[in-house]
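Peer 1: Mind having a look at this structure? Questions to follow.
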Amino acid sequence: MPEQSSPLDLPEGDPFGPHNLPYGVFSTPGHPEDRRVGVRIGNHVLDAGAAAHALGSPYAGLLAQPTLRPLLAAGRTAWSDVRRALTAWVTVPGHRADIEPLLHPVDTVTLHLPYEVADYVDFYASEHHATNVGQMFRPDGDALTPNWKHLPIGYHGRSGTVVVSGTDVVRPSGQRKAPTDPAPVFGPSVKLDIEAEVGFVVGVPSAHGTPVPLADFREHVFGLSLLNDWSARDLQAWEYVPLGPFLGKSFATSVSAWVTPLEALDAARTAPPARDVPLLPYLDDSGEEEHGGFDIRITVEINGQVVSEPPFATMYWTAAQQLAHMTVNGASLRTGDLYGSGTVSGPETAQRGSLLELTWNGRDPLELPEGKRTFLEDGDTVTLTAWAPGPHGTRVGLGDVTGRIVTAP
Ligand SMILES: O=C(O)/C=C/C(=O)CC(=O)CC(=O)O
Ligand SMILES: [Ca+2]
Ligand SMILES: [Mg+2]
């Protein structure tokens with residue numbers, strides 16, 4: 001008889017190898033109420049709390065939990081210690097007998113939103129995206145607003161409608177009025193769009209009144225997920241001047257089920273694009289030791305068809321600058337805060353992170369096998385996937401965030 005292969009014997013180069021180890025929260029079909037912290041390894045999920053108990057680990061208190069919150073709040077030293085322990089559990093042969101029974105095939109479990117989202121903020125940090133949108137919406141003026149290169153523009157979103165990958169998205173209804181319409185009308189959005197983004201997850205809170213400097217990014221931010229900031233362009237266009245996005249973006253924001261710790265992305269750190277305007281000291285990262293960018297390659301699929309490949313490395317503003325900016329007035333961070341990078345669009349047409357840009361506000365429809373697409377139709381499924389360079393030529397898989405559009409009630 002051939003030896004039974006172990007789920008821990010991963011093919012070389014598996015994007016979910018021991019160099020990755022993203023965290024999530026799962027339940028098994030027999031026990032839907034029993035949520036547990038899981039760590040992905042290959043195509044399996046390790047019940048991390050059960051593993052900690054089985055191995056007599058001091059981290060059972062952080063891992064034998066129904067949410068990531070205790071681990072998020074534990075801070076950078078604990079994050080490293082737990083990651084080192086997990087790496088040993090899945091790689092040291094002597095642990096196999098204890099670990100293997102605690103592995104669940106990932107396609108047999110239900111993945112949940114892994115932490116309660118505290119505050120949700122979304123930025124506007126891709127120069128290519130902002131330029132495209134500016135050209136479409138403000139054709140008579142400069143594409144970038146005068147503040148754009150001086151501060152990372154953002155808005156506060158709705159944390160209660162952040163949903164985990166796989167959750168259906170109900171087409172939102174609301175008011176819209178095109179400039180040529182005599183009066184606003186109410187009804188389901190006819191310009192439902194996506195925004196391909198990366199979401200950063202805050203672990204350690206900050207004191208109210210005390211800004212978080214650029215250099216403290218890693219003390220507060222635990223990791224990242226993929227994020228789709230669903231956007232109803234027709235609702236947005238009518239409502240958002242002068243106070244910004246409101247109902248056009250608050251109906252749903254989808255995140256991937258896996259949170260990849262920043263430590264897994266050390267090999268993906270990259271210098272952001274050169275800044276062509278001098279920055280105020282609290283945003284000036286030219287003297288920072290670590291590169292602030294991340295080389296993350298995103299793919300956008302509609303109904304299984306690749307429509308775009310946005311490169312995160314091209315983002316003008318970094319996550320560290322966004323954190324420094326959102327706290328510079330003394331606003332505090334809480335465990336579970338989530339902030340979106342802003343739509344990721346590269347310089348090429350096939351690198352745009354929204355249908356608004358890909359179709360130039362509906363003027364140039366995409367040709368999909370099932371027909372032309374300007375904005376999303378009911379039944380469409382949008383999936384973002386991504387990977388980043390890992391150590392020694394490996395890839396770090398960032399999983400996927402997917403959602404299907406269902407008809408407005
Ligand atoms: O500039 C505008 O008029 C519109 C901007 C947006 O729709 C916000 C946005 O795309 C934020 C993001 O980058 O995700
Ligand atoms: Ca957005
Ligand atoms: Mg949103």
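Note that the numbers count up from 1, one per residue, in the order the chain is shown.
Backbone N, Cα and C atoms are what each Cβ position is placed from, and that goes for glycine too.
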Peer 1: Pick from 1-25, 26-50, 126-150: which stretch is listed in TrEMBL under region 'Disordered'?
Peer 2: 1-25
Peer 1: Of the candidates ASP98, ASP168, ASP229, ASP234, which does TrEMBL annotate as part of the Ca(2+) site that also includes ASP122, GLU195, GLU197?
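Peer 2: When TrEMBL describes the Ca(2+) site, the candidate it includes is ASP229.
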Peer 1: DSSP-wise, what's the residue breakdown of the region 'Disordered' (1-25) into helix, strand and coil?
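Peer 2: For the region 'Disordered' (1-25), the helix, strand and coil counts are 0 helix, 3 strand, 22 coil.
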Peer 1: Report the nearest neighbour of LYS249 (Mg(2+) binding site) in space among the recorded positions HIS129, ASP229, THR343, comparing Cα positions.
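Peer 2: So, of the listed recorded positions, the one sitting closest to LYS249 (Mg(2+) binding site) is ASP229.
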Peer 1: Taking the centroid of the Cβ atoms of ASP229, LYS249, THR253 (Mg(2+) site), which other same-chain residues have Cβ within 8 Å of it?
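Peer 2: Residues close to the Mg(2+) site, other than ASP229, LYS249, THR253: ASP122, GLY157, GLU195, LEU227, ASN228, TRP230, SER231, PRO245, SER250, ALA252, GLY340.
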Peer 1: Need the DSSP three-state call for THR253 (Mg(2+) binding site) to compare against my parser.
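Peer 2: THR253 (Mg(2+) binding site) sits in a strand per DSSP.
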Peer 1: With a radius of 8 angstroms around the mean position of the C-beta atoms of ASP122, GLU195, GLU197, ASP229, what other residues of the same chain does the Ca(2+) site pick up?
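Peer 2: Everything else in range on the chain: ALA196, LEU227, ASN228, SER231, LYS249, THR253, GLY340, SER341, GLY342, THR343.
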